[in-house]
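Inspection log for the structure reproduced underneath, given as structure tokens.
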Amino acid sequence: MTVIAPDKPQVSTDPLDLEAINPMLESQDPAGICRWASAQFGGELVMTSSFGAESALLLHLATRVKPDIKVIMIDTGYLFPETWQHMEALRRRLDLNVWVYRTKNDPIAWLGQNGEGNASWRNDVDRCCNTNKNEPMERAMAELRPSAWLRGIRRNQADTRKEKPFVEWSKRYRCYAVSPLLNWSTRDIYLYMKQNELPYHPLYEKGYLSIGCNPESCTRAVKPGEDPRAGRWSGTDKIECGINVNSNSLDSAGL
């Protein structure tokens, strides 16, 4: 969905005292952080969702505080059919305000044009993420021009996330990134999901503990004892798609 953004000034400076705010938020639970973000940014707060394994949790938290929050979903052209089913089920249950931003490329034609002859594998995962995931995200943020966005990353997911603060200024998207779930463990997630009867992604029970695009090079089932994110970009040194990286660097480590 392409939307003409309202005519409002883009935040270009860093007026929040993050050195004071982040220590304060360390003592808050995710619901409290969502309330803080809603009070701080109001109608200029959006969120992103991959509609992945545990995405129902942050969607539930955010919509309890701000029912009409814009939910940005990126359609790379290579999502699992089950991801679309999961999105639609959550959209109906939580009455979500989903804004889908799609890659500009034809998914089949792009493979042939970029030497990707095998639809179930990517020779260049960085190029695919940059073109089909990061570009739509940058377009979404440029058009919606939020002051802040909620995201669902956690410190225990990857080395690149261990030192993340609850709130940081995103140079890439020129707004604040707010991460309410940073301190939660897998058990915290499970207990909240169970208490609120929230569904996991349909592929979760099949061993897909972290879910992105459907080529096996990008998402595979996790083997017993493996890290939950071991199934992402298996066999490469890539650990991030790029959306949650606070720079314009698009190398393997940054994506």
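Cβ coordinates are placed from backbone N, Cα and C, and glycine is handled just like the others.
Note that the coordinates shown come from a computational prediction; the quantities given were computed from them, not determined experimentally.
TrEMBL has this to say about the protein:
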ACT_SITE  CYS241  active site, nucleophile
BINDING   CYS128, CYS129, CYS213, CYS218  [4Fe-4S] cluster binding site
DOMAIN    45-216  domain 'Phosphoadenosine phosphosulphate reductase'
Give me the count of other Cβ atoms within 10 A of the Cβ belonging to CYS128 ([4Fe-4S] cluster binding site). 27
Once the DSSP letters are reduced so that anything not helix or strand counts as coil, what is CYS129 ([4Fe-4S] cluster binding site)? helix
Three-state secondary structure, which DSSP defines for CYS218 ([4Fe-4S] cluster binding site): coil
Please average pLDDT over the domain 'Phosphoadenosine phosphosulphate reductase' (45-216) for the predicted structure. 93
Same-chain residues at least 6 apart in sequence whose Cβ lies under 8 Å from CYS218 ([4Fe-4S] cluster binding site): TYR78, ARG122, VAL125, CYS128, GLY212, ARG232, TRP233
Within 10 angstroms of the C-beta of CYS129 ([4Fe-4S] cluster binding site), the count of other C-beta atoms across all shown chains comes to 25
As a test of the contact definition, list every same-chain residue at least 6 positions from CYS213 ([4Fe-4S] cluster binding site) whose Cβ is closer than 8 Å to its Cβ. THR76, TYR78, LEU79, PHE80, CYS128, LYS133, THR219
